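Q: Dumping the structure here so I can ask a few things about it.
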Amino acid sequence: MSTESKCPFNHTAAGGTSNHDWWPNRLNLEVLHRHSALSDPMDAEFDYAQAFKQLDLAAVKRDLHALMTMSQDWWPADFGHYGGLFVRMAWHGAGTYRIADGRGGAGGGQQRFAPLNSWPDNGNLDKARRLLWPIKQKYGRNISWADLFILTGNVALESMGFKTFGYGGGRADTWEPDDVYWGSEKIWLELSGGPNSRYSGDRDLENPLAAVQMGLIYVNPEGPDGKPDPVAAARDIRDTFARMAMNDEETVALIAGGHTFGKTHGAGPASHVGAEPEAAGIEQQGLGWKSTYGSGKAGDAITSGLEVTWTSTPTQWSNDFFKHLFSYEWELTKSPAGAHQWVAKDAEAVIPDAFDPSKKHRPTMLTTDLSLRFDPAYEKISRRFYENPDEFADAFARAWFKLTHRDMGPRSRYLGPEVPAEELLWQDPIPAVDHPLIDDADAAALKAKILATGLTVAQLVSTAWASASTFRGSDKRGGANGARIRLAPQKDWAVNQPAALAAVLETLEGVQKAFNDAQTGGKKVSLADLIVLAGAAGVEQAAKQAGVAVTVPFAAGRMDASQEQTDVDAMAVLEPVADGFRNYLKAAYKTPAEALLVDKAQLLTLTAPEMTVLIGGLRVLGANAGGAQHGVFTDRPGTLSNDFFVNLLDMGTEWKPASAANDVFEGRDRASGQLKWTGTRVDLIFGSHSQLRALAEVYGSADANEKFVRDFVAAWNKVMNLDRFDLA
């Protein structure tokens, strides 16, 4: 018998076989319950925006400036200045952002949590965060970690002589890891071609991923799969940076600007490096990568395994990166750790050593640095920047600002005295309110006018949903404000039924014009407001037909953006590949439709109950794309009833697949075999999945219709106002 004591508690956080272990393909709803108030230690009334407004930002910056040259024995500063380390910290925090789903980025301070805190590409950034703790501790709740990371990157640049474009605060911290798909690989830095590879075909990177290997921010600095080919690496760079919304010019500016500072670390073999923070011993207190090579720090530090310093002034802004890139020929070599890198051929030793002032080194570069010279498009931009250093500085300042603010949403969310006055197209600008807004009486009169046009409940509801449901909680883009549903590209998306949409918008524009023309005091209603108001009118009418009197909340204040204020390419990524709320799939996908529904719900910041009640309501209101009848489990469409749930849960119906792909099903009378309904996976999951069925049973009960209506209205109102940051 074993003498090892067994823990008497078998239900602790230490483990046990989970549901996911037993049923790995089971639909995971946990993503809908992340970041709840239960995980937030701040008081319920805490308002981070108000707390930040009380911050003495200048004092924080003074402390950060002092920190830059306050080298600590436990992690000494390269060249006596932490600037390069902090630039990397901010870059890697923001650089996880990807345009496909808006996830990643600097918001929330996710670099504090797994997996990002333990990614190989984030090696030794744990030390950067610990260096910041005294400052975070000093200012407490008035500045979030997320804001502090980016501010520190800015101050690092400024302390090294660079003029930044600006800074906006407002990133509230999160308190647990995001649930983000970073890839299927089971091994850090796994090469392409493996069983879980993110690549297919001719090096086609899986969407929505924006990094070439698991655990990297963008590209492998040694080249694709570690092969030192600068031209091939350029393809990876262009692909990954484009997936983060950066064009070629911004890409060159970011790489060259960032690599003007600091160095990489590869003093010895990686075998000396210990476990990452999440796997390190408890006594290391959240630090990782403890190295046994020499002192394990300073000149003995090992991070990427590369040992490169790009410029002769690594703590000062300069044009040295391009000077060295074009002044030398480069030959392939290896770092002390054995990593592929390049050294200037027949060059003098002009690069200072990070810790020994008596030493000098020849200029060195990464494979991905040389891409800026040997890729024709990058080379043209690089030479222009080399010959026009002021243009380069401006391009880097703007690209850095975009990098570090891309996931913050509209400019109205930026806080602090350093927010730049210039409005930028990538911020999806919307005009400021410049006229008196409609009041409750106006709203009621307008709803009556809308209903009198003859537009159906389905038309009103589907148009409002199409407008508002573009919102992504990940990067705060999209939503009803701006009425971009009437502009390219949204007006032409297949899911929006362009011809039918145009007819609805034309009718609503007529109502808008009649109202605005009748006003004498300058009062106006925007089309953005009117679209949402029309949806409210449709919902109220449908609820009335179900015997429930309800008023959908409405707050005026949206404005209409112009086509000139809309970046068509940047807006195109908001087009849904799937919208289960409208029973829409753009194409056939490997990912099951029900999983895509949950993904959409998470982007809309919905809980599982909110997702459930919205599905049930939108089905009976006839909001399906193209008027499809799948999931319309009612004989009274246009009435806001709980029929979807009642009929889905009816044991008198037997369901069978009606397609080889198991994506459409027929529900027949169990006794007669007569066809009653058709449905998709998105419909049937609410009867199949045990947790969703439990929710469906609440709304399918005999006493549930009024609760169903009121819960639907609450969830509907939430979606309509997701982008109303002015109401928060």
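Glycine is treated like the rest: Cβ placed from N, Cα and C.
Here the structure is a predicted model, which means the values were calculated and not measured.
Pulled the feature table from Swiss-Prot, pasting it below:
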- Arg88: site 'Transition state stabilizer' (SITE)
- His92: active site, proton acceptor (ACT_SITE)
- His259: heme b binding site (BINDING)
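Are these features on the surface or tucked inside, and what are their neighbours?
A: Summarising the environment of Arg88 (site 'Transition state stabilizer'), the number of other Cβ atoms within 10 Å of its Cβ, over all protein chains shown, is 24. Secondary structure from DSSP puts Arg88 (site 'Transition state stabilizer') in a helix.
Counting Cβ atoms from all protein chains shown, His92 (active site, proton acceptor) has 23 others lying within 10 Å of its own Cβ.
In this structure, His259 (heme b binding site) belongs to neither helix nor strand by DSSP; it is coil. When Cβ atoms from all protein chains are considered, those within 10 Å of His259 (heme b binding site) total 25, not counting its own.
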